[in-house]
Amino acid sequence: MCVESDGCELEGCGSSDEVRTLSGSMSPTLRSSPDLRSCRPGQKFRAALLKCKSPVAAAGILSFGNVLNYMDRYTVAVFICSFMVAAPIFGYLGDRFNRKIILSCGIFFWSVVTLSSSFITKEYYWLFVLSRGLIGIGESSYSSISPTIIGDLFTNNTRTMMLSVFYLAIPLGSGLGYILGSSAKEAAGDWHWALRVSPVLGITAGTLILFFVPEPKRGSADHAAGRLKTPWTCDMKALAKNRSYVFSSLASAAVSFATGAFGVWIPQYLFRAQVVQKSVVPCTQEPCSSKDSLIFGAITCVTGLLGVLIGAATTRLCRQKTERADPLVCAVSMLGSAIFICLIFVVAKKSIVGAYICIFIGETLLFLNWAITADILMYVVIPTRRATAVAFQGFTSHILGDAGSPYLIGLISDNLQKSYPGSDLWKFLSLGYALMLCPFVIVLGGMFFLATALFFLDDREKAERQLSQSTTSPSSIKV
C-alpha cells in the first residue's frame, strides 16, 4: 500500500512497514490516519501518470522523437538553411525557459507543416520549399534541447548509455527516411505519401513528451544547487574559449560532411558500378530502381545501432584505463573508418558485395562517436549553457558539413565528367574520385578529436569548478 501526496491510498505497492509517497517517505503512523481514503479513479490515473515520469521513460520518449526527427529530415532534405538559422535561437531559449514545452510545440509544429506540405502540387513548388523551411525551424528546437534534458537526468556512464540510445536516432532515422522515401514512391506511385507517415507519429511523440517527460532543474544531475545563469554574450565567449568544445564541434562537422555526401551519392555510385560490371542497364527514364537506396538505408540502420552501442561500451571500458577515453575512442574510430571508406572506391568496380562490406565496417566505425561527442560536451560545458552549446555545435556541423558536401561532391563529379561525357565508366570513376574527398575529411576529423583529447581534462575541471562554486557561493562565479 502506498499513499499519494494528497492522502489517497494506492493499491498494490508492497507489504513494507514504511508508507511511501510519490515524493518521499512518511511515518508508519500515517497508516492509521483518519484522512487516509481510497483514491478516486481520476486520482489513480494521475498517480499512474506520475509514476511513468521516470528518467528512463523520458529518455526513451525523447529518443523516439529523435528517430522521427531524422526520418522526416532525410525523406526530402531541402530545409537545412532554416534549421541552421533557428538552432541558435532555440539554444538560447532552451537555457532559459521550460524545455519540454518548447519541445512539444516544436514537434507539433513540424508534424502539422509536414502533413500539409504533402498536399502541395508541383505548380506551387515555391510553397513546398517554404513549408520545408518551416519544418527545419520546428526540428531545430528538438535537436538543440533534447540532449540537455537527458544530461540533467543522468550522469557518468548512465548518461553515456542514455545518450547512446538517443543518438541511435541519427542513423536509424536517416536509414528509415531513405527506405520510407523509396518505398512510398514505388508503392503509391507518388513520393508525397512519404510525408504522410511521420506526422502521425510526431503528434504521438509530442503528446508523450508533454505528459511523461519531466522538466529537471538545470544541473540537477551534477548536484549544482546554485544558479549559473549568465548573459548570452558571456555564454558565447566562454564556448569560444572552450578548446575541447571547439575541436569536438569541428570533428562533428567532419562526420556530418561524410554522412551527408554518402546519403546522396553512395547509392548512385553503386548503381553506376553495376552498370560498369554489365549487371544492370543504365537508367534513362524515371523512376529508376531504388534497390541500392533500400540496401544502403538498411545498412545505415544496422551500422548505426552497432556503432553507437559499441562506442558506448568501448568508452565505458576505456575510462577504466584513461580519463581521456572519450575523445581518444572517437579519434581512433574516425581514423579506422577512413581506411575502410577508401577501400569502397578500390573494390566497387570489381565487387558490389565487397563494397557493401567496406561500407558496413566504415559506417560502424564512423557512428561510434555520435553519442560520445555529446557526452564530451556535457562534461566540459556547464548545465545552464548546454542548449546553446548543442545548438551551435549543430550549426557548425551543418554549415561545414552536410549543408554543402552533397553539392560539392556533385560539382566535382560533374566537372570531371566533362572530359568524357558519354562514357559510363568515366561517370562511375568521376563520382568515385569526387567521393574520395570524404575519407580525407574524416582523417581531419580524427585529428580534431586528438586535439580535443589534449585539452579535455583541463576543460572538464574548469566546468566542475564552476559547478562547485555555484553550490557554495553563486555570486563569486567568474565567466
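The backbone N, Cα and C atoms fix where each Cβ goes, and this holds for glycine too.
Under the heading domain 'Major facilitator superfamily (MFS) profile', TrEMBL lists 1-463. According to TrEMBL, the feature transmembrane segment maps to 74-94, 101-120, 162-181, 193-213, 245-266, 294-315, 327-348, 354-382, 433-457.
Here the transmembrane segment (354-382) does not lie next to the transmembrane segment (193-213) in space: the count of CB pairs under 8 Å, restricted to residues six or more apart, is fewer than 3. 101-120 is the stretch from 101-120, 245-266, 294-315, 327-348, 433-457 with the greatest number of Cβ pairs below 8 Å to the transmembrane segment (193-213).
On the 0 to 100 pLDDT scale, the domain 'Major facilitator superfamily (MFS) profile' (1-463) averages 79 in this prediction.
Of the candidate ranges 101-120, 294-315, 433-457, 433-457 has the most C-beta pairs within less than 8 angstroms of the transmembrane segment (245-266). Away from its own ends, the transmembrane segment (433-457) comes close to residues 243-244, 247-248, 250-255, 257-258, 261-262, 265-266, 269, 323-324, 326-328, 330-332, 334-335, 337-339, 341-342, 345, 366, 369, 376, 379-380, 405, 408-410, 412-413, 416 of its chain (Cβ-Cβ under 8 Å, at least six residues beyond either end).
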